[in-house]
Amino acid sequence: MTGKHVAVLMGGFSSERPVSLSSGTACAATLEERGYCVTRIDVDRNVASVLAELKPDVAFNALHGPFGEDGAIQGVLEYLQIPYTHSGVLASALAMDKDRAKKVAAAAGVAVASSLLLNRFEIGTEHPMEPPYVVKPVREGSSFGVVIVKEDQTHPPQIISSAEWNYGAEVLVEKYIPGRELTCAVMGDRVMDVCEIIPVGHQFYDYDSKYVAGASSHVCPAKILPNIYQKIQTMALTAHRAIGCRGVSRSDFRFDDRFSDDGEVIWLEINTQPGMTPTSLVPDIAKAAGISFGELLSWMVEDASCLR
């Protein structure tokens with residue numbers, strides 16, 4: 001028995017609530033198996049009062065999306081002086097903003113795709129850049145709201161400027177990078193293996209590919225040239241450090257090897273709250289390094305701190 005009381009924060013009120021519940025449930029059960037005293041908290045607007053009364057030794061942040069990974073819950077935990085997992089206030093807020101995170105990563109020497117930051121209503125009926133391109137909400141995760149505009153489309157999709165759009169006014173319009181989906185995790189100062197994601201029946205690594213069993217396969221370590229492998233690892237660690245991440249992060253990449261095995265590698269984004277569901281990438285990447293799911297979670301709990 002470790003004796004540590006761990007509050008697992010899950011659920012919340014973002015569009016990623018179902019993912020968070022899946023992550024939190026898996027993490028809580030495994031931490032109990034490891035000997036921790038676990039309290040499951042389905043986060044609502046009164047979470048600060050709940051945590052202040054509970055006084056756990058550590059908060060395991062299994063939240064995803066706004067409030068959970070944008071610096072908000074991190075600020076609550078800092079104020080309450082409860083050590084917590086993953087990145088701190090500033091790094092979380094920065095990583096959640098895809099545009100600003102890209103600029104910081106690029107300034108540190110990481111290769112990124114050309115992009116524009118726009119209000120979605122500015123797009124209208126004219127292409128903001130030559131297709132193909134991708135439109136992404138600036139502050140969403142799990143591929144919510146991602147729209148791929150193909151070369152043969154004469155106008156941007158109407159959904160972007162319609163009333164049905166629920167992902168905020170700011171969008172990132174980014175050059176579409178063809179090729180393979182690759183990802184790389186960082187655990188503290190240790191860069192992990194590179195993993196290839198192969199969506200099954202999907203154009204890209206969308207919500208279903210991420211969370212539906214059998215909708216994607218993970219090849220870890222990825223079957224790519226050693227120099228490309230090392231380049232991706234270097235870029236993942238550079239982005240992790242430049243943005244100020246702590247604990248575990250995961251960077252996503254596109255590798256265009258259509259014309260050469262030594263093709264272009266582009267960093268897409270960093271995730272400071274990577275999923276911990278049964279189909280998630282980080283547990284698979286850790287497993288390839290000989291680290292079990294339980295060992296990974298224990299490391300995260302012991303790594304928890306304030307002033308992150």
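Numbering starts at 1 and runs along the chain as it is shown here.
Glycine too: its Cβ is placed from the backbone N, Cα and C atoms.
Under the heading domain 'ATP-grasp', Swiss-Prot lists 102-302.
The ATP binding site feature in Swiss-Prot is assigned to 128-183. Counting only same-chain residues six or more apart in sequence, the Cβ atoms lying under 8 angstroms from the Cβ of I177 (ATP binding site) belong to A113, R254, D256, E264, I266, L268.
The annotation Mg(2+) 1 binding site is assigned in Swiss-Prot to D252, E269 on the grounds of sequence analysis. Long-range Cβ proximity for E269 (Mg(2+) 1 binding site), meaning a same-chain Cβ under 8 A and a gap of 6 or more residues, is found for A95, K98, A101, K102, S251, D252.
Summarising the annotation, Swiss-Prot assigns Mg(2+) 2 binding site to E269, N271. When secondary structure is read from DSSP and collapsed to three states, N271 (Mg(2+) 2 binding site) falls in the strand class.
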Check your understanding: Within 10 Å of the Cβ of D252 (Mg(2+) 1 binding site), how many other Cβ atoms are there?
Key -> 19
Check your understanding: Cβ-Cβ under 8 Å from V135 (ATP binding site), same chain, 6 or more residues apart: which ones?
Key -> R120, I123, G145, V146, V147, V149, P156, P157, I160, V171, L172, V173, E174
Practice item. Count the Cβ atoms, other than its own, that fall within 10 Å of the Cβ of V149 (ATP binding site), considering every protein chain shown. Key: 22
**Study point:** Three-state secondary structure, I177 (ATP binding site) (per DSSP)
**Key:** coil
Exercise for review: Taking the Cβ of P128 (ATP binding site) as the centre, count every other Cβ atom within 10 Å, in any protein chain shown.
Suggested key: 18
**Study point:** Sparsest Cβ surroundings (other CB atoms within 10 Å) among the binding-site residues P156, E170, N271
**Key:** E170
